[in-house]
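The block underneath contains the structure these notes are about, expressed in structure tokens.
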Amino acid sequence: MKQILFMDTTLRDGEQSPGVNLNEQEKLQIARQLERLGIHVMEAGFAAASEGDFQSVKRIANTIQNATVMSLARAKESDIRRAYEAVKGAVSPRLHVFLATSDIHMKYKLCMSKEDVLDSIHRSVTLGKSLFPTVQFSAEDATRTARDFLAEAIEVAIRAGANVINIPDTVGYTNPEEYYSLFKYLQESVPSYEKAIFSCHCHDDLGMAVANSLAAVEGGALQVEGTINGIGERAGNAALEEVAVALHIRKDFYKAEPSITLKEIKATSTLVSRLTGMVVPKNKAIVGANAFAHESGIHQDGVLKEVTTYEIIEPALVGESQNLFVLGKHSGRHAFTEKMKELGYEFTNDERDAVFEAFKKLADRKKEITEEDLRALMLGEAAFAAQQYNITQLQVHFVSNSTQCATVVLKDEEGNVFEDAATGSGSIEAIYNAIQRILGLECELADYRIQSITQGQDALAHVHVELKEGAHQVSGFGVAQDVLEASARAYVHAAGKLKSFIQLVK
């Protein structure tokens with residue numbers, strides 16, 4: 001049975017989702033979880049896009065030990081060399097070079113002839129192969145490219161040294177039958193087909209990204225590209241967790257198995273959702289809150305008698321736990337550390353002390369600490385340890401005529417303390433006005449969302465905010481048992497990003 005490799009582009013294509021703005025620390029958190037998931041290749045970013053992207057790609061490349069780290073690059077020498085500088089320190093570095101091959105792109109975007117495109121493919125792949133051990137070439141807009149020219153372009157790329165050939169459905173235009181036949185056509189029409197791994201990359205504009213990816217596997221693709229939760233620009237990308245579980249459950253049909261650790265799917269989905277602020281729909285396949293829920297009496301009766309009557313996926317397969325009590329206020333440092341290691345987290349002594357202190361504070365107020373609480377706690381503490389400002393004190397009180405007053409004290413990375421107060425028509429508005437006064441921002445609150453992480457009156461709250469000032473928009477999150485504290489943390493998280501970004505572009 002063939003093993004299907006997974007290439008994750010959450011950190012590159014996924015981050016292009018409107019409103020998503022991840023900082024370096026957040027990208028590294030996702031990269032580490034992708035490594036635990038067993039992703040074969042992770043596209044860490046587009047190194048030539050900006051200095052920030054370059055540094056993020058470089059840090060991920062220098063950190064990840066058990067996956068190939070790849071940078072995107074246009075078919076330009078400057079892009080390729082920049083990508084090399086970013087990922088050369090990786091255990092397994094890869095270049096992903098792309099060039100459009102469809103008539104519409106060649107005519108209106110590239111202003112290049114077919115001969116020019118073929119020459120550019122040859123030169124860029126040849127250069128890439130002289131620097132990188134492996135090179136992936138993508139024929140952008142492949143599904144709207146004339147098939148004979150696509151085959152010709154791919155043959156040029158393979159002969160120049162490309163190890164992986166990606167056939168992207170860039171605008172989500174194709175359907176499963178067409179995509180399957182395209183892979184079969186290339187199998188028959190590319191003389192050097194056997195010398196490369198063929199990959200699929202599907203967008204979801206017509207809602208067929210997962211189905212198209214599975215059709216590509218039927219057609220001979222050995223690598224599937226996509227994102228966690230299917231995030232991405234426009235309607236998103238193929239959701240890797242859906243493709244992986246579909247291959248596993250229906251291996252009788254596809255004669256293929258996903259080469260990832262399925263039990264890490266739920267944890268990866270949750271992490272990506274919380275860091276990006278993109279909420280997973282309750283009815284989403286595999287990772288939605290209702291994915292394993294049954295309300296119909298007939299369904300409930302059937303499941304109670306025999307679970308396979310209405311459930312084709314065991315929740316444990318994807319790491320969906322029963323969220324049982326795991327630690328409490330009497331748990332010691334050693335038990336806490338061992339449990340965090342079991343969940344996949346490792347940290348220095350200083351990091352451990354900070355997170356353990358936060359855990360003890362939570363345990364004093366919350367009766368039962370679950371795995372979901374621990375993941376949220378780790379997520380929050382990691383974010384706050386890396387940000388420019390942190391809240392040291394927060395006080396809110398009623399003034400008059402429904403007006404609230406908030407006093408906020410912030411401390412920056414150098415230990416400087418800033419304090420200010422402001423009023424608002426509600427507690428949250430007052431808190432946000434005070435933070436704005438301290439940071440000297442005049443931004444707009446573009447989005448505010450709150451969700452409970454676990455059940456019960458003592459559940460942790462997760463608040464997501466998006467701030468906008470001019471053309472700049474960033475997101476932030478906060479985790480706390482108190483809603484006002486979580487809201488304040490989220491605002492400081494986003495405001496610190498916004499302030500840094502504005503200073504960077506000035």
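The backbone N, Cα and C atoms fix where each Cβ goes, glycine too.
Binding of Mn(2+) is annotated in Swiss-Prot for Asp13, His201, His203; the matching candidate from Asn175, Asn229, Asn237 at the same site is Asn237.
Regional average pLDDT for the region 'Regulatory domain' (390-506) in the model is 88. Within the group of binding-site residues (Asp13, His201, His203, Asn237), the Cβ with the highest number of other Cβ atoms inside 10 Å belongs to Asn237. In sequence order, Thr9, Pro168, Thr170, Cys202, Asp204, Ala209, Glu225, Gly226, Thr227, Gly232, Gly236, Ala238 are the same-chain residues whose CB sits within 8 A of the CB centroid of Asp13, His201, His203, Asn237, the residues recorded for Mn(2+) being left out.
According to DSSP, the secondary structure content of the region 'Regulatory domain' (390-506) in residues is 36 helix, 53 strand, 28 coil.
Taken residue by residue with DSSP, Asp13 (Mn(2+) binding site) is part of neither helix nor strand, so it is coil.
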